[in-house]
Structure formats: C-alpha cells, structure tokens
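A.B. asks: Sharing a structure here in structure tokens format.
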Amino acid sequence: TAWRVLESGGSELDAVERGCGQCEIDQCDGSVGYGGSPDESGETTLDAMIMDGNTMEVGAVADLRRVKNAIGVARKVIEYTKHTLLVGESASLFAVRMGFPYEDLTTQKSLSLYSEWLNQSCQPNYWKNVVPDSSKSCGPYKRREEVTYKEEQTSSQRSFHNHDTIGMVVIGVSGTVASGTSTNGAIHKLPGRVGDSPIAGAGSYADSTAGGAAATGDGDIMMRFLPSYQAVEYMRMGTDPAVACQKVISRIQKYAPTFFGAIICANTTGSYGAACNKIPGFTQFHFMVSSPLLSRPTEQVVDCI
C-alpha cells in the first residue's frame with residue numbers, strides 16, 4: 001500500500017500514513033489496530049507516531065481510545081498543532097475534532113483473549129513487588145513494603161510472525177525520509193501504559209540527511225535505549241544499515257540479554273538492513289522491502305544475533 005502511494009505521486013509521509021493505516025485496518029498479527037491486545041481492563045488502546053525527516057516534525061498519540069486510525073490522528077498532530085504527543089482521552093477528543101469517528105475497538109477476539117487471561121489467574125501480567133502475589137493471582141494489588149530488584153524475564157515465547165508493531169521507513173526518490181509506527185501495545189498491559197512505538201527515537205526515527213529506523217519488540221526495555229535514534233546516528237557516521245542495526249541490538253543485550261526485539265534500518269541511498277536479539281522461539285526476523293530494484297514487495301529474513 002505504501003509503495004503504491006509513492007508510485008502514484010504521494011509524499012513519503014502519505015506513504016507511511018497509508019501503509020501503517022492499512023495494517024490498522026487489517027489488524028496485522030492482532031497486534032496492530034482494533035480488536036487485539038486488550039489491557040488489564042479488557043480495553044484495546046492504540047499508540048502511533050509519524051515523523052518527517054525533512055523538518056524533523058513528529059506527530060504521535062498514545063493510549064488512544066475508541067478511534068481506529070491512530071496513525072492518521074498522529075499525522076493530524078503535525079498538521080494542526082504545535083505539539084508532538086497527545087495521550088489518552090484528550091487524544092481521542094482531538095481525533096473527533098479532526099473528523100475521526102468514535103468506534104468500538106473491542107471485538108469478540110479481544111473479549112475472548114481477556115476472559116481467557118482472567119481464567120488463567122491473570123497470567124502473565126506486568127506487576128511486581130505487590131500483594132497478593134501477582135505471579136499467582138489477579139489483583140487488586142497493593143504495594144509490598146519491601147521492594148526487591150531483579151532482572152525481569154521476557155514472559156512469553158515468541159515466533160517469527162509474532163511482531164507487535166507495524167514499523168515503516170520510507171525513502172523517497174530524492175532521498176527524503178519519513179517513518180512511522182502503529183500498535184495496540186503489550187497484551188494485558190496496565191491501563192495507561194505507553195511503550196516505545198509513539199516515542200520519537202525509540203519506536204522510529206527519520207532524518208533525511210542520514211536515514212530512518214523502526215523498532216519492534218519489548219517496548220518497555222527498548223525505549224530506554226532510543227534504538228531508532230541510535231541506529232540513524234550510526235548511519236550518519238557512515239555505518240552500513242545492517243551493521244547499525246546490529247550495534248543497536250548488541251547495546252541493549254548488555255543490559256537485557258533475554259529481551260525480545262528487532263530493528264530495521266535504511267539510509268538515504270536505499271541500502272537497508274535489520275537485526276534482532278536471539279531468544280528461544282525467536283531466531284530469525286522477517287521484514288518486507290519494496291524498491292525500484294524489486295518487481296514486487298519481497299520478504300527478507302535475517303538471523304538473530
């Protein structure tokens with residue numbers, strides 16, 4: 001969809017918006033758009049961002065409720081406000097002002113995911129240092145007086161098709177770069193949780209003097225390292241995109257060896273690459289590429305490091 005937008009004369013931002021928007025409509029992998037990843041209350045909320053690598057403007061929304069086209073709302077943040085990020089109920093009110101309809105993001109699928117989770121004593125969840133024991137029961141929880149510090153383990157097995165974000169980098173014919181993301185976030189997250197996807201430099205980053213990058217995975221860990229920004233800066237220094245991606249993953253590995261995550265990178269000449277962290281059930285990362293050198297969109301695969 002994004003490639004067709006470019007071919008028909010649309011801008012790089014148009015391509016990112018329409019491409020990510022198509023994934024929202026298709027509910028890609030159940031992890032983008034409506035009807036997936038219900039939070040602890042059973043509600044699906046959306047995060048998205050879009051970035052213009054010419055002006056360095058960013059539009060983003062987080063914890064967006066009852067509006068399906070999150071990337072479209074993020075684009076309106078650039079076009080109609082001087083802000084970068086709008087969140088929660090207020091982001092939804094802004095969306096309605098911009099002409100987006102209120103719609104129910106819940107589906108039978110998301111309701112069944114939620115009820116299954118409740119029936120499994122709310123496992124897995126994202127609480128720690130609380131009573132009752134969050135590894136055995138549902139809340140409501142209270143904080144435990146004594147806090148223990150230990151490395152958190154990734155709670156779920158992953159496989160190559162289990163991305164949890166649409167991340168996109170678009171390089172125009174003149175080298176102009178745009179990027180964007182859209183996601184419904186971590187399943188069973190605490191209401192109000194915001195991951196890496198709508199955070200500039202974390203979920204994605206675009207700079208028309210260097211390139212663009214987008215990340216997927218455990219946003220709570222990945223956002224701490226601004227991986228997309230870091231990858232673009234490596235490319236600015238002349239690092240090959242694939243190597244830039246690998247360096248970013250290696251940096252996070254030092255602190256969180258078992259994190260689930262991957263990143264795609266592309267520079268202004270059209271070179272691209274990707275990298276991922278190797279964990280059980282996730283040993284390869286699959287991503288799609290469209291370019292003038294390819295007759296059709298092509299799936300690419302990299303081995304995780």
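The backbone N, Cα and C atoms fix where each Cβ goes, and this holds for glycine too.
Automated prediction, rather than curation, is the source of TrEMBL annotations.
Reproduced below are the annotations present in TrEMBL:
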ACT_SITE  T165  active site, nucleophile
BINDING   R193, V194, G195, D196, T216, G217, D218, G219  substrate binding site
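Tell me about the setting of these features in this model.
C.D. replies: Non-local neighbourhood of T165 (active site, nucleophile): S31, V32, T181, S182, T183, S197, G203, A214, A215, T216, G217, G219, each in the same chain, at least six residues away, with C-beta under 8 Å from its C-beta.
In sequence order, D39, D63, Y126, G185, A186, D220 make up the list of same-chain residues 6 or more apart from R193 (substrate binding site) whose Cβ falls under 8 Å from its Cβ.
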A.B. asks: What span in Å does the substrate site cover, taken as the longest CA to CA distance among R193, V194, G195, D196, T216, G217, D218, G219?
C.D. replies: 16
A.B. asks: Minimum Cβ neighbour count within 10 Å among the binding-site residues D196, D218: which residue?
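C.D. replies: The binding-site residues D196, D218 were compared, and D218 has the fewest Cβ atoms within 10 Å.
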